[in-house]
Amino acid sequence: MGMWEEASDTGMKGKKKKKDKNEEEEEERGKKERMVNLTLEMIYLLTGEHYIPRKKSDDGGALHAPGSVIQKENNKNDEKILELMSNIIQLLTGEVAIRTHHVSIYFSLDEWDNIKGNKVLYEEGIKEEPQQLHPLDCEYEDKRDITADLGGTLCYNNETSKIGAEGTDFCAKENLTISPVEQPPPANRIKEERASCEEGNQSDCSINPLTEQIQGTDKPTPIMGYSLNNSSANYIKEEVVQCHEGNHSDMRIITAPESILETNTSAAMIRCNLNTSLSASCEGGNQSDCRINELTEQIQGTDTPTGNIVLYICSECQKHFSTKAGLARHQKTHSVFVGEEHAYGRIHTEEKPFPCSECGKRFARRQHLTDHQSSHTGEKPYACSQCEKYFPHRSNLNRHLKLHKGEKPFPCSQCGKRFPCVSDLNIHRRVHTGERPYSCSECGKCFKHHSNLTNHQRTHTREKPFSCTECGKGFKDRSSLTVHHRTHTGEKPFSCTECGKGFKDRSSLTVHHRTH
């Protein structure tokens, strides 16, 4: 009887094993059929045509091979299917995927061009076996291991733990994660600082080291300004937070490094996302209160088409900057600080809060107003140290200094004459083009220079703002006043090279030259 039952059990096991095998084969056939249907549907979406699959006939008859050979062929087919699907995803999304075990990491095409030579290195880093994490010298029910695996639960506890007054389950569900958008190379490691539970009654709520979760996203968001290189020795340090009241259990929080070395090499980016303001209280039995201090670091940014990594965007003009200081400097161009009154001349609004009391002309900055007022007063505060000539504006002095240095970096393309600044070159070009952009509103006469127009307009208004301090005679321009001063001083700076006779102005010298 016993032998019959044993034989019957053996037969049942064989049937069950055969049934399980048949179910697996059926499931495999169903999976392949679904894949074929999805492929045909994809072909229809791409071409708009329906196709019917037809089994390929073997001319040489059926081939019989051992099961291991067939299994290898199936594995190769699976790998080929995955490769084809990756190529399709790359065409549709512009992203290249590296898949290893549970991890999927997506790279943009620009990033992939930079790192595809190190594909094996990335895969080796991803394939590292999950680390087994154990409670340290603590009583732990049924001695279960907690694997630092993807999506793993942080800790187990028989009794429900709560966070603050919310009553939220902490030990069973709460996750603190550092989520790399793209896996860093193996050179970057996690350093664990061991902690030991003090002797005595231990809390039932043993909170094990928080695990690192690697999450692959369809659209990764790299951190701008922060990158990791294969050679960098930066690592994420695991800090130990201890409860200091009574009997307690140790708690660990993985914190992001304060600074990540920035390199020129395109490599894996990481995003730190730590939950904020956690206050955990383990209740029940002989337990102690635990507190997790606020720990938050969230780095965000957007990538640029050029591959440069940026963080900060100007809200006025949308210009990108890699540092906060650079953005702050740029924003001052939108709000120009003026004097002690804290008045602001807005570039975009063209506000000009400083008017000239003489002519009513307005300026955005007080310094510009001060420079302009010197044209009314005749003040020339800027002196040349080489020839002691004076100028009303610093820009005029800088232009004059180039004459002493012999700097004339701007040549005319027509005649080859060179000039110390661009503005002088632009004015000179009007000689060749005949351009006279400044016209008089009274008579329509045109002039090459704005100063000539200003002097001409005074003939209509009969304005003579420049008066002689000796005799009080007025003149419409400063050059006429300067020439007049020479009648009082007797100065004759222009001399004839033929006879040596001197003249007080250049025009008189030109008339004299005609006599020779």
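Every residue number used here counts from 1 along the chain in the order it is shown.
Including glycine, each Cβ sits where the backbone N, Cα and C put it.
What Swiss-Prot annotates here:
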- 1-33: region 'Disordered' (REGION)
- 200-218: compositional bias 'Polar residues' (COMPBIAS)
- 200-220: region 'Disordered' (REGION)
- 312-334: zinc finger (ZN_FING)
- 354-376: zinc finger (ZN_FING)
- 382-404: zinc finger (ZN_FING)
- 410-432: zinc finger (ZN_FING)
- 438-460: zinc finger (ZN_FING)
- 466-488: zinc finger (ZN_FING)
- 494-516: zinc finger (ZN_FING)
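Take the zinc finger (354-376) and the stretches 312-334, 382-404, 438-460, 466-488: counting Cβ pairs under 8 Å, 382-404 has the most. The recorded stretches the zinc finger (382-404) and the zinc finger (410-432) share 3+ CB pairs below 8 A when only pairs 6 or more apart in sequence are counted, and are therefore in contact. Listed by sequence, the residues of this chain that lie at least six past the ends of the zinc finger (410-432) yet keep a Cβ under 8 A from its Cβ atoms are 399, 402-403, 448-449.
When the zinc finger (410-432) is classified with DSSP, helix, strand and coil residues number 11 helix, 4 strand, 8 coil.
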